[in-house]
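Remarks on the structure that follows.
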Amino acid sequence: MQDHQATNESFDIIVIGGGHAGCEAAITTAKLGFSTALFTINLDRIAWQPCNPAVGGPAKSQLVHEVDALGGIIGKLADETAIQKRILNASRGPAVWALRAQTDKREYSKRMIEILQNTDNLSLKEAMITELDIAKSEQVGLNSKKVVKKRIKGVKTFFGSYYSAKSVIITAGTFLEGKIWIGNKSMSAGRSGEQAAQGLTQNLHEIGIKTERLKTGTPARVDKKSIIFDELDTQPSTAAGKYFSFDPDIKNNMPQVSCHITRTTSKTHQLIRDNLHLTPIYGGFIDSKGPRYCPSIEDKIVKFADKKSHQIFLEPEGINTPEIYVQGFSTGLPENIQLELLRTLPGLSKCKMLRPAYAVEYEYIPATQLQTSLETKEIEYLFSAGQINGTTGYEEAAAQGLVAGVNATRKLNKKDPIIFTRESSYIGTMINDLITKDLKEPYRVLTSRSEYRLTLRGDNADRRLTPLGYQIGLIDEKRWSAYEEKMKLLEEEKLRLNNTRLKNTDEISKKIELDTGSKIKGSTTLKELLKRPNFHYLDLIKYNLAKKNLGYSIQEGVEIDIKYEGYLKRQKNNIEQINRQSCKSLPQEINYEKIDTLSLEARENLNKIKPKNFGDASKIPGVSKADLTALLVWLKIREINKEKTNIFCQKKLSS
């Protein structure tokens, strides 16, 4: 980029992309007092939900709770625009409980635009960014070698406008060189109806950032009026009173609707088998990897050939639209065959397809090129967040957007970044996975990915992260006061339950014994009662032993804390033990190739990722416990040798 380029405007921070990551990043930086510009190709499609019109689900809901606990937006908007809510995994333990909301996608986007337009320090710009302006400077590094430092200076648009910035956050989603496929036909697009971002990928390569290619897909939409609902199972809203947000002022005034369930048939499966060669993947037109945990219907038929039927959900896209999202039925088959397939499903034999399913392949930045702060290793003050980092899902994107936004502001303020660890949050689990693992398929957060899932529940996200959100400056005084009041009530109730004792001769004790079939020997506290597997806080209410007017979230928190007290203490001890070892730092100048005591795979992977500490090193594929022990010994020898050298130099200087 030429130095004489005239500057249109200057900002502290520029965000490239108006999806869920971009919106969280821009709102975060603007709220923290930094002049911010959000650039997007289409201002009418801000925070769009191009795939399923839903927020939450297993592990994803935990992410949404965490973003909200820190002061983010996605949870509030999901609550306000929800047209159906359900608790998933309700019959299992609290570690895997998950809230899922069906949202009105147009209302969600509309409200996000309103928030952006009314946020101080934030400007919205419709433009395609094609080039990043990088400043280079030579500095003296280790061993007196000259090192070229690169720093972001600004951005250039397709039509030649230049905007300077102290920091840039890329949140381009699936738009970098995006291409959508239906059968063997393709066109350049970031998603259906929207042009792909051209030029920026090549520019990233020129400045030293590698990109690779991934694939995802979305199902067809059908006309609600053409569905025979009598042939379907109904799935009503069952958790309208549950919220992602911990903000007590959040309300939902949307009508609640039902989703419906159908299933694939033998005709569906045969039609897919007969036409596999016409799909982009099985036909060999593309070879990009798609999401493992959201496979196309053809993948399901091929990989699970023994299954006679697959469940399909029909989900409304909003209150004022006839469009129904056919969840679990994404495909890359030609349009005419898609309609044939849909009509093999019960309830859809006369359906009209409003939008065809399609596959989309796009460029992404392998996140091993990022630091834990989401700043790129190659270029200072350049951050990357969202689907461009190889993730899939609005929730994963929103969480990364908030992290990148926070750390971009801290970098400009010369403060250390906020590092989210695996032990503290699902956000930390996700980021650690992204930057330490060589992922070859879109990444989805899962409860099974966390070693600490009982500690990292959705219900306690505020207890884990709201103090940090307040410290950062994203939680206002009103919200902080509500949090402090909740903590006070929670601790008071746990103390009351511990101190309130029932004798087995009390009338209420006899009633409890009769109802539960469990004896009270001598006496017991309410806390001990609550520890029983089949006794819950609702039972305390039933027997008039509960504190009156205590909110549901406090009742739930108290019960989980008490019922799982032993497990939680054990997990806390494990975390503290790991932290003592994992915090030991690893100098960035180490050349692991020269450490002979490490395995070859460990040397290669450690050199590639350059972990900051033992905790990060322990999570790198191919690095065994034996490698970590060898590395620890090597560091001790290195420190001893350094001390000897220093003593020798001091003696030489004094002689």
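Note: Cβ is positioned from N, Cα and C throughout, glycine not excepted.
Sequence annotations record features per position, and here Swiss-Prot assigns FAD binding site to Gly17, Gly18, Gly19, His20, Ala21, Gly22. Around the Cβ of Gly19 (FAD binding site), the same chain contributes Ala47, Trp48, Thr171, Gly173, Gly386, Gln387, Tyr394, Ala397, each under 8 angstroms and 6 or more positions distant in sequence.
If you look up Swiss-Prot, you'll see 290-304 marked as NAD(+) binding site. In the three-state DSSP reading, Cys294 (NAD(+) binding site) counts as coil. Within 10 Å of the C-beta atom of Cys294 (NAD(+) binding site) sit 19 other C-beta atoms, taking all shown protein chains into account.
In this structure, Ala21 (FAD binding site) is part of a helix by DSSP. Neighbours of Gly17 (FAD binding site), defined as other CB atoms within 10 A of its CB across all chains, total 30. His20 (FAD binding site): 33 other CB atoms within 10 A of its CB, across all protein chains. The C-beta environment of Val302 (NAD(+) binding site), restricted to residues of the same chain at least 6 apart in sequence and closer than 8 Å, consists of Leu276, Tyr282. In this structure, the CA atom of Gly18 (FAD binding site) is 23 Å away from the CA atom of Gly290 (NAD(+) binding site). Around the Cβ of Gly290 (NAD(+) binding site), the same chain contributes Leu214, Lys215, Thr216, Gly217, Ile281, Ser296, Asp299, Ala359, Glu441, Pro442, each under 8 angstroms and 6 or more positions distant in sequence.
Closest in space to Lys300 (NAD(+) binding site), of the binding-site residues given as Gly17, His20, Gly22, is His20, taking the CA atom of each residue. Within its own chain, Arg292 (NAD(+) binding site) has Glu441, Pro442, Arg444 as residues 6 or more apart in sequence whose C-beta sits under 8 angstroms from its own. Cα spacing between Phe304 (NAD(+) binding site) and His20 (FAD binding site): 33 Å, rounded to the nearest whole number.
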